[in-house]
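What follows is one structure encoded as structure tokens, with my remarks underneath.
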Amino acid sequence: MRPYLFSFKIGGVVVRAEPSWLFLALLVGWSLAVGFFPDQNAALGTSTYVFMAILGVFGLTFSIIAHELAHTFVGRALGMPINRVTLFMFGGAAELEEEPKSPMIELVMALAGPLMSLFLALVFSQLAMLDLAGGPQAPLAMVLAYLGLINLLLGLFNMLPAFPLDGGRVLRALIWLLGGDRRKATRWASLAGEGFAVFFILAGIYVLISTGSLAGLWWVLIGFFLRGAAKSSRVELETRLALGDIAAIDLVTPDIETADAGMTVADFIAEKLVRHHRDWFAVTDGERLVGRAGLAEAQAVPLEARATTRLSAIAIKPGVNDILPARAGADRAFAQMQKHHLLRVYLLDGERFAGTLSMVDLLEYARLRNLFADARLG
Ligand SMILES: [Zn+2]
């Protein structure tokens, strides 16, 4: 398990922060304490600036979580399975487990986050003006005004039409809505995303060279992140689309051998592992799947016990995420493997073992399928 800085549950949704979030929090906190707040009011003490910066970082964390939860709960209301929000170095993400089924769902869900940010911008800037906040030069009012500004920027930045930013999803939904072709819509929106990413990188380099400001470096990093995200979103979506109309069982390599649960480990090594150059085999008892066994499991059995130990004794039993009905869609198999970081799933036809589906087979099929689709589109 990866360590998280914090993790809590709200309305059935897990909210958690990756360690890289700390980097963003420290960077923002530091720039608030030594730059942003002292620039506005130089008359306060160091400990006051530090305290204001800490409040600012907590407020920013709250704002980003609110933005992502807006996507999440609107998505869930529209039938999208979203169970996790994760904060990381460049902000936050509501984790979609499958792609929206219609452009309207995508459009509404994508707009929910920026609208929440703009709403928070309004709330924080109004709070900053209350008498309770102590006037524009008071510490509390300055923090609230900062949170109003940062939410405005969050709302506007995310509306840039650069997939996978929210605005890019809006763009994709609109092209999809107008043209009816999700693949083409994804292509255009992610091209726009990659274009913006290159612009950020170049602008960042320019700022870095001309002013020496480290903010330039930040833009370069964001540009590279966005470029990678645009590309991987496109590849992932194209893969899911390519797998959308085929059953998992149809992608199973038919000549993958199984090993019988009753055979000894010594026979397994000699007849299966050595002869077939494969790392592992599905272990079956008649037609029933017992588990899998490979080199590591066989080696763990002491030499003198290998002739008497049965394969059934060392086979690793499949977990609930390792198995799937044989007639399930290949896109479902892909999603399950991705979610649980699996390299293969076992397909069952009722109780009967029907075959092993590997990630490599899925990706290779999707790649060829997309290649073929491109060739036809010209
Ligand atoms: Zn968003």
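Cβ coordinates are placed from backbone N, Cα and C, and glycine is handled just like the others.
From the candidate list D166, D181, D245, the residue TrEMBL records in the Zn(2+) site shared with H67, H71 is D166. When the domain 'Peptidase M50' (139-185) is classified with DSSP, helix, strand and coil residues number 38 helix, 0 strand, 9 coil. Its own atom aside, the Cβ of D166 (Zn(2+) binding site) has 25 Cβ atoms within 10 angstroms in the protein chains shown. Across the domain 'Peptidase M50' (57-128), DSSP assigns 47 helix, 13 strand, 12 coil.
Residues 27, 89-90, 160-162, 165 of the same chain lie 6+ residues outside the transmembrane segment (196-226) yet bring a C-beta within less than 8 angstroms of a C-beta in it. A Cα-Cα distance of 11 Å separates D166 (Zn(2+) binding site) from E68 (active site).
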